[in-house]
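As given in TrEMBL:
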TRANSMEM  44-67  transmembrane segment
TRANSMEM  79-104  transmembrane segment
TRANSMEM  134-157  transmembrane segment
TRANSMEM  191-216  transmembrane segment
TRANSMEM  231-251  transmembrane segment
TRANSMEM  263-286  transmembrane segment
Amino acid sequence: MATPLVFKSLQNFVTAFHYCWACPLDWNTTRKEFVSTTSLNLLIPWRIVVFGLIPAMFVQCVAIILLNIYGIITPPLKTLLLCSILGVLTLLGIAVEFLVLLHAESLQFGCNYMIRMAKRETRVVPGRIDQLGLFLNVNVVVFAIYPFFITPLILYFKLDPFYLFGKHVGNLEISTLLGCLLTYPPRLLQFLCIFQVCRLYTLLICLVSLTAILLVNELHALDVLAFLTRFSGPAILMGSAIILSVLFNFMSIKLYSVIPMPLYLFFPSVAVLIPVIADTLMPLSIRVNEKAQNLKEKWSRNFVHSAGRKYLRRKLMGINPLHILCGIGGFNFLKLIKSTKAWFYAQILNYSISALLTEPGH
């Protein structure tokens, strides 16, 4: 069920990012519902960051990786891994922001509809700790702090994409006074990119959690479920989680003596945070299948005393329990069922071990 603490996380989200520019989808604390911004004039700062600064950061990261693959430059291993992490985060951020922009009004209507349904079921179970609500509120605080923690450190230790691109690709003399004066303004703009990406992931986690709770409790809303069973989001999020987990695990274990200590603390924290997020969100999606399976078994028991039980049982056998599919472009890779969770963690463990065995720590 959707508890008051779950809705409180959305209120805290607005408080934590209240100084942010207008975005296509936001939470209104007064009306307690999502609102969309479709005016292009109001979205000018957002468009500059999402379609200007973040793609520039992504291109710089990809350029460093590709030039290393073709042997043109030879940056350190920590540079390549950091560019890989930032490349995945920025690419996913651009894709999700673009989809939100295209479907802002539809998302607003759908989310508000689901929230109205959730509020009808909102209640607190006495003596029970709301673990999901606590996690969502902690998640808001953590992602709100990350931009102010990460940006000064990567600028101080010269690990930001703009500096790395200028050093390894442009061969610029950034250590000189003139080089610092020319490069520091665009380097500082990278804070806006990190801030926007953290805001997006915070909203995404809160929104996915809330809608998943509703789908579990309101299984009869087949029009909503039919859309989500064809949605590509689970596959994209699970794939990104596996890639990022492997990268963060590798950097946390292998490069602890290479990355400066204040900045190093970021990598173990995220390496732990990603499985925690997955362990929180995945059971909510899997529970859709479990509820549907239980409902099918209940129908089967009720058919025992029915007049046309043979026909009804044949009819019931042809019904597959509802589940959320993981797929992209019509190609489904797996179903979100009970065994998926073990498979997901096995993939993270397998690829993390493979990565640790392929490269010596240097």
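Including glycine, each Cβ sits where the backbone N, Cα and C put it.
The transmembrane segment (79-104) is in contact with the transmembrane segment (44-67), judged by 3+ CB-CB distances under 8 Å for residue pairs 6 or more apart in sequence. Of the candidate ranges 44-67, 191-216, 263-286, 191-216 has the most C-beta pairs within less than 8 angstroms of the transmembrane segment (134-157).
Residues 21-24, 73, 75, 79-80, 83-84, 86-87, 90-91, 93-94, 97-98, 161-162, 164-165, 168-169, 189-190, 192-193, 196-197 of the same chain lie 6+ residues outside the transmembrane segment (44-67) yet bring a C-beta within less than 8 angstroms of a C-beta in it.
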